[in-house]
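Visitor: A single structure is presented below for examination.
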Amino acid sequence: MSNDTTKKKLKLKVSAIKEGTVIDHIPAQNLFKVITILGLDKIENQITFGTNLESQKLGSKAIIKVSDKFFENDEINKIALIAPDAKLNIIRDYEVVEKKIVKAPEIIKGIVKCFNPKCITNNEKVTTCFKVLSTSPVTLRCRYCEKMTIGEQMRML
Amino acid sequence: MKRDLISITDYSKEEYLKIMDLAAEFEKNPNQDLLKGKVVASLFFEPSTRTRLSFETAINRLGGKIVGFADPQNSSSTKGETLHDTIKMVSNYADLIVMRHPLEGAARYAAEVSPVPIINAGDGANQHPTQTLLDMYSILKTQGTFDNLNIFMVGDLKYGRTVHSLLMAMSQFDTPIFNFIAPAELQMPEEYKMFLRENDIRYFEHREFTDIISEADIIYMTRVQKERFSDPMEYEQVKNIYILRNSMLENTKPNMKILHPLPRVNEIHTDVDKNEKAYYFTQALNGMYTREAIITHIMNLK
Ligand SMILES: [Zn+2]
């Protein structure tokens with residue numbers, strides 16, 4: 001198969017929804033976290049996803065296609081911590097009309113658990129809130145206990 | 001908008017200086033009826049007699065009334081009430097809340113819940129900003145300035161929240177130099193050293209507690225606590241190295257003063273107490289004036 005055909009086939013796969021959003025380049029191991037964070041497990045839109053696809057950059061990637069759904073930047077940027085290389089294709093009438101990349105927000109509310117077991121947020125019903133100091137490795141400073149949650153320490157709520 | 005005191009870095013250099021001025025006024029005249037007719041809640045979810053007495057004396061000298069609890073055994077939290085609900089209830093009654101809590105971030109959260117100002121009197125290992133302000137007042141009083149000081153910090157620099165906060169506060173002033181003396185396991189954390197590098201502030205690290213202290217303007221001693229060591233042998237090796245003795249003070253600068261947040265265990269030998277460079281007991285007294293100043297600033301009484 002020539003390179004061109006491969007590209008066409010891939011493009012066809014990606015474009016196979018009429019209207020909606022394709023989220024590509026998600027690290028395969030974080031696919032389900034992305035689904036939860038975006039609340040895709042709670043909506044009734046048609047969703048297809050592929051995982052453990054080959055990716056030069058990520059090793060193994062996942063892709064999500066959501067029909068009739070267009071994300072606000074605030075909404076989609078929530079996944080930046082676990083899918084920093086994610087790319088969005090906005091599809092209208094089978095055509096990619098816009099491409100977006102995710103950008104980590106300065107402040108991240110909810111979503112992430114504080115790494116410090118003695119933090120008030122792990123002991124009482126308080127919405128977590130972090131300042132994002134860096135995205136590689138992920139470095140978050142808790143608004144409450146002021147401790148850092150770094151890289152592998154990060155757990156989703 | 002209400003003003004709280006949760007973390008030392010919430011305040012500007014100007015606010016530090018205003019509090020220093022007020023503390024100096026209270027030192028001259030500690031009894032001023034500025035809080036007359038006001039009620040202050042003193043909520044100690046974790047006992048700390050030293051800090052509580054200092055605050056409650058400050059409130060009394062300002063003519064305020066105190067409600068609250070000194071011991072979590074007697075508080076509603078032992079009946080399972082959330083911090084949220086306790087703060088909501090108490091803020092109905094009081095004009096100001098002073099609180100100490102074992103959980104980190106508790107004071108920040110309380111400040112979000114409460115319509116009345118919160119003063120953090122310690123939240124776990126996180127912050128204790130009134131201690132830092134009283135340390136600063138002690139430095140200013142003994143050195144006459146915050147600029148160009150060489151500050152030695154000795155002992156547990158890893159977990160010691162007082163040294164971290166003092167470092168952040170003193171970094172606001174002109175050209176401080178920091179010297180850190182600590183065992184390998186209890187070094188100043190990287191994030192603070194990075195902060196100093198980013199702000200072009202000089203610091204030096206030492207393992208040994210030797211005559212390098214002859215350069216010091218301030219020696220800030222802390223406790224090296226056994227429970228901080230993963231290996232008990234390690235503690236046995238270092239516990240007697242970081243002890244300040246009177247004989248070590250011979251070649252120190254005449255203006256040098258020794259500070260310690262108290263209580264001490266054995267890290268300052270009692271033979272230092274009679275040396276005029278020992279300042280830790282006066283430092284504790286300064287705490288009362290500083291707390292009067294903090295309350296006055298927060299409540300906008302002057
Ligand atoms: Zn936290």
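Along the chain as shown, residues are numbered 1 onward.
The backbone N, Cα and C atoms fix where each Cβ goes, and this holds for glycine too.
So TrEMBL says this about it:
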- A:C114, A:C119, A:C142, A:C145: Zn(2+) binding site (BINDING)
- A:12-102: domain 'Aspartate carbamoyltransferase regulatory subunit N-terminal' (DOMAIN)
- A:108-149: domain 'Aspartate carbamoyltransferase regulatory subunit C-terminal' (DOMAIN)
Visitor: Could you pull out which residues elsewhere in the chain have a CB under 8 Å from any CB of the domain 'Aspartate carbamoyltransferase regulatory subunit C-terminal' (A:108-149), counting only those six or more residues past its ends?
Guide: 37, 78, 80-81, 84, 155-157
Visitor: For the domain 'Aspartate carbamoyltransferase regulatory subunit N-terminal' (A:12-102), provide the mean pLDDT of the predicted model.
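Guide: The predicted confidence over the domain 'Aspartate carbamoyltransferase regulatory subunit N-terminal' (A:12-102), as a mean pLDDT, is 90.
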Visitor: DSSP helix, strand and coil counts for the domain 'Aspartate carbamoyltransferase regulatory subunit N-terminal' (A:12-102)?
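Guide: Split into helix, strand and coil, the domain 'Aspartate carbamoyltransferase regulatory subunit N-terminal' (A:12-102) gives 25 helix, 39 strand, 27 coil.
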Visitor: Test of understanding: give the count of other CB atoms lying within 10 angstroms of the CB of A:C142 (Zn(2+) binding site).
Guide: 26
Visitor: 10 Å Cβ neighbour count around A:C119 (Zn(2+) binding site)?
Guide: 27
Visitor: Using DSSP, what is the helix/strand/coil residue split across the domain 'Aspartate carbamoyltransferase regulatory subunit C-terminal' (A:108-149)?
Guide: 3 helix, 19 strand, 20 coil
Visitor: Including all protein chains displayed, how many Cβ atoms other than that of A:C114 (Zn(2+) binding site) lie within 10 Å of its Cβ?
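Guide: Taking all protein chains shown, A:C114 (Zn(2+) binding site) has 29 Cβ neighbours within 10 Å.
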Visitor: If you draw a 10 Å sphere on the Cβ of A:C145 (Zn(2+) binding site), how many other Cβ atoms land inside?
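Guide: A 10 Å sphere around the Cβ of A:C145 (Zn(2+) binding site) contains 28 other Cβ atoms.
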